[in-house]
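K.L.:
One structure follows; several queries about it will come next.
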């Protein structure tokens, strides 16, 4: 009787789960994917499991220093991992897999502090509990080794982007519009891949929508579409030194948080809420376009992934900003390359788990600024 799955060509080949909960903190995206040496990854299932508002509140509160942090962090990590386990069980059910068919779960965790300049990054997680709940090997803590090697620990997705999205003869940019925007530059002639965080994206857009719509996000960018970009406010937002800093660089809610936004808005109390939303949309678009113009002026095609790919108003703003910056690039989502935009980040962490299992580096030192490429992650056996 033929085997359901052929013997792998490489000992690390097989089926992996990838889990990613980003800076928007609305839930966890998961994928089940088969990696085989010499072949493109094959997605077997995808799932999204949302977070209760109580968990979101706990995670947001941990973004800034506060009382009783160790206890609050530990309890939030356990609650977070129970949602991760639900996502894994859904992937397993949808793909029709037994536990023994899953090589490992690659899980990012939830970033609550990212301070590489001080030598650390903290992703909230309890991988031991996840291994217990799923009875599958878990690979986690992907960022700390890069930071230990002098890097920013972010972004890590560019190595995966280069593997899946690169094309000889065409300079491409992959732009992730999650809570924070970041870009990966894939040179046409096989030069060094580069990548870095550009600035805020959904983190501030969602925050403003929650305040003024009572909803977790601006559905389809409709709130922003009702407004007009306020040029003086946009200039004030872009005055943040991070935007002018050279790569390698990374950022997060440590900088671009509600307190930062409120401080910038203090001198613009007269600006209508919908105009603020339109201006925050422009901030995301302009900050990305300026970086592309500076570091990838020959880009012919830009592909968007992340939650922002579902915001047509943001995509239109990005197209306009690229045009104004003199970048003649087409703009599409990664779906045009065969990978739905909501899958890309989770796929990257499944791939990092695959790389760990093969004992192959997962970072790119040219991206993160680390002393060299390193094997990333730590194993929690089932």
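In case you wondered, yes, glycine gets a Cβ from its N, Cα and C as well.
Dumping what Swiss-Prot says about this protein:
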{"type": "BINDING", "residues": "22, 23, 24, 25, 26, 27, 28, 29", "note": "ATP binding site"}
K.L.:
Enumerate same-chain residues with a sequence separation of six or more from residue 24 (ATP binding site) and a Cβ-Cβ distance below 8 A; give 'none' if the list is empty.
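P.N.:
Looking at Cβ-Cβ distances below 8 Å from residue 24 (ATP binding site), excluding near sequence neighbours, one finds 178, 179, 202, 203, 206, 217, 307.
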K.L.:
If you skip the near sequence neighbours and keep only those at least six away, which residues in the chain come within under 8 angstroms of residue 29 (ATP binding site), Cβ to Cβ?
P.N.:
19, 20, 21, 46, 47, 48, 342, 343, 345, 346
K.L.:
Show, in sequence order, which residues other than 22, 23, 24, 25, 26, 27, 28, 29 on the same chain lie with their Cβ within 8 Å of the centre of the Cβ atoms of the ATP site.
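P.N.:
Other same-chain residues near the ATP site: 20, 21, 51, 178, 179, 307.
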K.L.:
Taking the Cβ of residue 28 (ATP binding site) as the centre, how many other Cβ atoms fall within a 10 Å radius?
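P.N.:
Its Cβ shell of radius 10 Å holds 25 other Cβ atoms.
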K.L.:
Sorted by position, what residues of the same chain at least six away from residue 23 (ATP binding site) have a C-beta under 8 A from it?
P.N.:
111, 178, 179, 180, 202, 203, 252, 253
K.L.:
So for residue 22 (ATP binding site), how many other CB atoms are inside 10 Å of its CB?
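P.N.:
Result for residue 22 (ATP binding site): 24 other Cβ atoms within 10 Å.
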K.L.:
Which site among 25, 26, 27 has the most other CB atoms no more than 10 Å from its CB, taking these as binding-site residues?
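P.N.:
Top count of Cβ atoms within 10 Å goes to 25.
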